[in-house]
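Peer 1: Here it is, the structure in full.
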Amino acid sequence: MEISWGRALWRNFLGQSPDWYKLALIIFLIVNPLIFLISPFVAGWLLVAEFIFTLAMALKCYPLLPGGLLAIEAVFIGMTSAEHVREEVAANLEVLLLLMFMVAGIYFMKQLLLFIFTRLLLSIRSKMLLSLSFCVAAAFLSAFLDALTVVAVVISVAVGFYGIYHRVASSRTEDTDLQDDSHIDKHYKVVLEQFRGFLRSLMMHAGVGTALGGVMTMVGEPQNLIIAKAAGWHFGDFFLRMSPVTVPVLICGLLTCLLVEKLRWFGYGETLPEKVREVLQQFDDQSRHQRTRQDKIRLIVQAIIGVWLVTALALHLAEVGLIGLSVIILATSLTGVTDEHAIGKAFTESLPFTALLTVFFSVVAVIIDQQLFSPIIQFVLQASEHAQLSLFYIFNGLLSSISDNVFVGTIYINEAKAAMESGAITLKQYELQAVAINTGTNLPSVATPNGQAAFLFLLTSALAPLIRLSYGRMVWMALPYTLVLTLVGLLCVEFTLAPVTEWFMQMGWIATL
């Protein structure tokens, strides 16, 4: 018997999402306009909370759908305007270009990356040393590449590893649905679960590594570039200005990596199962024997393109997204990928997230129009000069954990610059505030996927459900890093930032503009 029209509509609405989730979203959509009529400020914060809820439930339903419905309603009822949303999208065009082209560009370097990381994984047997290697590699790469690019690299490698073993475990040679475990017997499932734990820990170490390295340079994160421009700093200036905070944080972050692996805390410490190592070793040996001269040329070309990528980003020869586009063009041209459908596959991972980030910019527009952060900014600027640095760091950290890093960093640096230009603070104080804002925006935000775009990208990627990496588990595994990075960063802002910066000036390494 065919179901009723109403039941059919209910089933189609948000598809396979749980009924309670669908009901919650409908309640949000009904309540928001009513509260907006009473208090736009409260309605604005409620919208932010609801959007965070959709992100937290990313595995129930991709946040683009519920978040998009909330954003459309916000524009319709007047919480912001379509014109302001367009302005926010235009202001963040380089971030969108990064997502569209750089992440897609990495897709065409997968062979090289899988080759390198397979060798790394098979040659280092110590889990502590392997975790440290992944963390250091991610930190180094994210000092030159955007964190999203680095995470995209590690995701592609992890999916490759998982796919190799899953095909063996399911006794199928052809491409199968990696989420389908129905053909895997109990013994293989136990090993597969251990392998998932191993990959989860590596992904989290690499993700935190991107935060450790990304905060250090002006090209490491999009907001770093905005802050560097506002302060008038170049690549070397930015690195030295940040180093009184970022170098101690990097050291403590790497020590935390070793500690959680050694003590098996917070879901870390899972080793690579020997059976999986054997499968990966066989795959590596087989790949080496089957590798033709044409395949070797592809690897060499991809390595050369990798050098171009790092060089172009370090020297900032063009916008990050345009450099990514050049990688796509060079990689496809020189490795023989000419079919439109083959090229199109490169964009399947990044475009849903690009759309989600565009929806988030509409929430950012609401935050600006309803002046949700104004009370916090006014409170900070009323404090003493010394207290301002710690307060900027703390409030940046709190807001960055629930909001967009680029937005938070931009808002605070603009407010600080306006205060400097009005004479409320000195140029020297403004430059110290810029460091506090940058480190406060980057370091505590590892607490949740909402704060780090790279973490959110990981959470909503095809890999997350494969290795059972949920929002809650990600927050739990990030907790030791959150505590260490936040507290060490705060202590450095409080005690070492001003004296070390003063010493750099006396040495002539940096100068106030």
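Placed from the backbone N, Cα and C atoms, the Cβ positions cover glycine too.
According to Swiss-Prot, the feature transmembrane segment maps to 23-43, 52-72, 97-117, 120-140, 144-164, 202-222, 238-258, 303-323, 348-368, 391-411, 447-467, 475-495, an assignment based on sequence analysis.
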Peer 1: Any contact between the transmembrane segment (97-117) and the transmembrane segment (303-323), i.e. 3 or more CB pairs below 8 Å with pairs at least 6 residues apart?
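Peer 2: Stretch pair touches.
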Peer 1: What stretch in 120-140, 238-258, 303-323 has the biggest tally of Cβ pairs under 8 Å against the transmembrane segment (202-222)?
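Peer 2: Stretch with the highest Cβ contact count: 120-140.
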Peer 1: Can you work out which residues elsewhere in the same chain, 6+ from the ends of the transmembrane segment (238-258), have a Cβ less than 8 Å from its Cβ atoms?
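Peer 2: Counting only partners 6 or more residues beyond its ends, the transmembrane segment (238-258) has Cβ contacts under 8 Å with 128, 131-132, 135-136, 139, 205, 208-209, 212-213, 215-218, 224, 228, 231, 431, 434-435, 438-439, 443, 480-481, 484-485, 488-489, 492-493, 496-497, 500-501, 504, 509-510.
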